[in-house]
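J.: Supplied in structure tokens, the structure appears directly below.
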Amino acid sequence: MAEMKSPTKAEPASPAEAPQGDRRSLLEHSREFLDFFWDIAKPDQETRLRATEKLLEYLRTRPSDSEMKYALKRLITGLGVGREAARPCYSLALAQLLQSFEDIQLCDILGQIQEKYNLQAMNKAMMRPTLFANLFGVLALFQSGRLVKDKEALMKCVRLLKILSHHYNHLQGQPVKALVDILSEVPESMFQEILPKVLKGDMKVILSSPKYLELFLLARQRVPAELESLVGSVDLFSEDNIPSLVNILKVAANSVKKEQKLPDVALNLLRLALQENKFERFWKEVLEEGLLKKPSYTSSYMCFRLLGASLPLLSDEQLQLVMRGDLIRHFGEHMVVSKSQNPLRFIPEISAYVGTFLEGCQDDPKRQFTVMVAFTAITNQGLPVMPTFWRVTRFLNTEALQNYVTWLRDMFLQPDLDSLVDFSTANQKRVQVASLNVPERTVFRLRKWIIHRLVSLVDHLHLEKDEAVVEQIARFCLFHAFFKTKKATPQIPETKQHFSFPLEDGNRGVIVSAFFSLLQTLSVKFRQTPDLAENGKPWTYRLVQLADMLLKHNRNVANVTPLTAQQRQAWDQMMSTLKELEAQSSETRAIAFQHLLLLVGLHLFKSPAESCDVLGDIQTCIKKSMEQNLRRSRSRAKASQEPVWVEVMVEILLSLLAQPSNLMRQVVRSVFGHVCSHLTPRGLQLILAVLNPETNEDEEDNVVVTDTDEKQLKHGEDADSDSEDSKNSESDVDSEDGEESEEEDRDKDVDPGFRQQLMEVLQAGNALGGEEEEEEELGDEAMMALDQNLASLFAEQKMRIQARHEEKNKLQKEKQLRRDFQIRALDLIEVLVTKQPEHPLILELLEPLLNIIQRSMRSRGSTKQEQDLLHKTARIFMHHLCRARHYCHEVEPGAEALHAQVERLVQQAGNQADASVALYYFNASLYLLRVLKGNTTKRYQDGQKLEGADIKSEPKDSEVQTTSCLDLDFVTRVYSASLESLLTKRNSPLTIPMFLDLFSRYPVICKNLLPIVVQHVAGSSRPRHQAQACLLLQKALSARELRVCFEDPEWEQLISQVLGKTTQTLQTLGEAQSKGEHQRELSILELLNTVFRIVNHEKLSVDLTAFLGMLQGKQQKLQQNLQQGNHSSGSSRLYDLYWQAMNLLGVQRPKSEKKNVKDIPSDSQSPISTKRKKKGFLPETKKRKKLKSEGTTSEKKAASQQDAVTEGAMPAATGKDQPPSTGKKRRKRVKANTPSQVNGVTVAKSPAPNNPTLSPSTPPAKTPKVQKKKEKLSQVNGSTPVSPVEPESKKHQKALSTKEVKRRSSQSALPKKRARLSLVSRSPSLLQSGIRKRRVARRRVQTP
């Protein structure tokens, strides 16, 4: 331990002679020093580094040889600890220590390591730790950065690593790898000297291990002349060495299986092949014909990683060789076969390699373009294997991106199938289908992928830099989605583009869906500002202008779906309306209308018949909206005439919401946010009709939820892109599921009609055989006829089951679409509540939203869409509606209806089966109260400046009624009925927090409801309801807002009523038998404590003497229940509440009594204690009997009597004025109940600690004064103190004999004495010697 001591302190001769402060500081320094080594071995890297830094700082600031030696010893020992994860931590710490203290010799450290972990003396059990300790020791010396400068230590480490390399079973190739790392940094002269010692001249040895080959490649790179003199001229890529290289690469691939990285030897071989111009032989013969001849997944992944790592090293010709060989086809097959959930999928790694390559050659667009085209050309029957959304495209520079987009466009128009590296999987080759091998299918799959890749490119573009590319892609998609060329013209470049394969309808549908996806990307990613886009126009507007220009060139361009005259007229009117809106472009509402028009106008080309009518209605609504905006200054004389255009607009927006388009959903939200201020009741009912389940079920056909062709196309794309393996597996699973569902349907609903038909067929078969030959077998003709009839019957039944199953799936799908449409329709409700919280129509949303919540809560275990609908509705209702800062103020005409709605909501809350649903209804009623009350609550809160009785009282009830629409009497009756329901019904959905929220918001209502609560505190109510009433009353009385509503006499009268009710319940305190009764006792004491605090704080003239006597009479019962373990989970809480009440009445809980409550042993013969014994305790019969002390001297008796007088004469004192402990608690506890005699005079015993009382002169509600210390000393010296008055029920305790008290005191003192002896036995020798001397002296005195 001398090494662990701080060098700043002189080493003490012994612990006894060291001062206390010096010994403490020495221990602290030692503990701090030792903690460093514990933290170094922890798995958290930050903790290890922090501990290492602190250790180095500690050693720098306290330079001491002993601590340095100990640190080195601990770190060297840690190199071979049993926990393998800690060995590298100690190695790194040792390296940093050697790096910081360069005066430490490396040879000495290496010698200590070899001495601690001797390779010659190790046994079998210590072999692995010894080997790793030597290896990590060498690594520590190398990581310190000083090994290459110390030749002697370097040679020793090389020899040690050479010895360790023979233990391959434990260390694998780590020693040779460490040797390669060391030699890669040594000077060339030293390398030449070490090389003959570590590398033999035999090529068989070199080609036997990846590490030896890596050492050979390192020597060939650094000292080729010395290597040639040692090995000779070697052609590593000769025909003879190719098999050995293949085997070495296989071993290297298996060695990095867990690390999932490229072996260094493979990359070094690639560099050597490039250097010697033998790359083609290496790639074809070693990789493609060697490793991939019978590939394993480790060899395949090594080849894939080598492909990615070789990209920056290859020339254009070599890139063409690599990207069109067998390896790239094997890579493509892996991409197709591996699933997205497969952890071995290689797409993240190849993306990292390609991204690094593209980022590194930003100034070479040709190489970027070549690599992108090469990876795009890897196709499986025409479908490229790379994902359409590939993040590496963001590294393309402008020229490479433009060339790549041009190549994609040309491949879409005139596919060059010969330039593709196409392949088929094993299953595709096995299952040869003639329809799948035609060029048309290959072109269809290729074009579908290309159009999605073009759209995905826009996500990675910067508009400022690549605006031309974005416009080129958008024009291409728009033209080929909706138009076709009649005659080429130079004004439209797209007309010069010709297809080598005709564009099929399937491809055109893909282009249409991709075009609207592109609109979504452009609207979200590129939100135009005037300084970014041409003339500050959004992309949608520019595309509409392009479409208008194409429509005008009808000689050169034709629509794919021709427009009628009416549809063309609707388009022209839209363009004129856009010009009108353009003049008002500064208004946000005009911008929203413009965006809606543009989007619906583009949908005119997709579905002309549907969009034409919608387009006309939108224009009509926009014009009427603008006209009403101009006439806004007029009077509201025509306010009763509802603006029909708003209702039409709502219908339009609802129909647009039915389309599964996120872009359309955003536009609808934006437009509705600008028109919702003009919303009418009829318009709101149109929205609520979608959300209302009753009308929605009956009118399902009113709003058609479209399941667009986008999903079907996506499904077809997935079906085409999947491999045959997935097809087969999915078909098997589907067939199994179909069989199981059919069996379930057959078992679940047996058709009686089918059973009757089956019986008729069987009877007809029997009749065909003849009535007289019933017991004989049927003939062949009869059997054939019976089989045919049965087969047709079962076929019909199977068709009926299949039809029912399809009908069930159809209904389920329709239900999902309907729920999804309702979720979208909630967007309009959310916009209305957020944008117009003061709109009168907001009040009509309460009950419809509550109906949705109630219905969804009833079916909460259903689909995810039901859950989403519930969560969104609840969020809108609670956060945006009930908790909104603003609300409607114009409710005077409908105040009576609102009061009726409050009553209805409160009654519905009380009738719910679920408390969570009742909470929503109750909060809705509170929201209506807030609306009815208006701004009066805010005015009262502004006047609340003071506390207690000095606060100005709130205005009277009549004032409240005159300043707001709230009918206080009516509301009081409503909530009093619900409060009665809470405090009387057995299972009420109403809860205490609901009424606490009501009381805190509306204290005037709370004042009117308090008599009901006080009435249920006692009486014939259930104990649980009484406990709820006490809790509600306690929280209400503590509220500051309630006190403002009471005058001082009213408040004092209320407190007296509460105390009178609690007196009835206190009669049974401590006699609880059930859980509800016990909860009532806890609640009544908490209420009493609150009332006592109010009385003391406000100094109310309330007499509490009766409560003092009543509580003192219950003390013994409560203490007995606590000792016996009755209701053990809450007895201590009840006892604490009791003493809190006594403390508020002026009686302090004695400290000694509080200790005795925990230390009193339970009686083993008690019937309650024998019911259930605690685990881990011996029974009474197995315990050793305690020895009784018999020889007690008179001196000991006198001392105990004097201590008893000291404690017994001491009155109750408050905690803050209590004198500090003198260290004699044990003797005071033992002798507390002993009658004291001083000089032969018996001193009157003070009240027992269990029964503290007040003197007659002390006021009942005030704490008695604390006696001073000198008075206590005078009592000890012989003066007789004045004994306070004790209750009659407690005087029987004075009849206890002195003998019994002595016996109990001696028995209770024995365990504590033994505990103290055990503590002494663990104390230092100095303390033990002093205690031993005092113990011997005491024995001598006690011996007669």
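Sequential numbering from 1, following the chain as shown.
Each Cβ is built from the backbone N, Cα and C atoms, and glycine gets one as well.
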J.: Of the residues SER14, SER988, which is given the phosphoserine tag by Swiss-Prot?
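T.: Checking Swiss-Prot against SER14, SER988, the phosphoserine entry points to SER14.
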J.: To which residue among SER6, SER1323 does Swiss-Prot attach the annotation phosphoserine?
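T.: The candidate carrying the phosphoserine note in Swiss-Prot is SER1323.
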J.: I'm validating the feature mapping. Which of 67-85, 238-256, 447-465, 580-598 is tagged motif 'Nuclear export signal 1' in Swiss-Prot?
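T.: Of 67-85, 238-256, 447-465, 580-598, Swiss-Prot gives motif 'Nuclear export signal 1' for 238-256.
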J.: List every residue in the same chain as LYS156 (N6-acetyllysine), at least 6 positions away in sequence, whose Cβ is under 8 Å from its Cβ.
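T.: Listed in sequence order, they are CYS107, LEU110.
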J.: Could you put numbers on the helix, strand and coil content of the motif 'Nuclear export signal 2' (261-279), residue by residue per DSSP?
T.: 13 helix, 0 strand, 6 coil
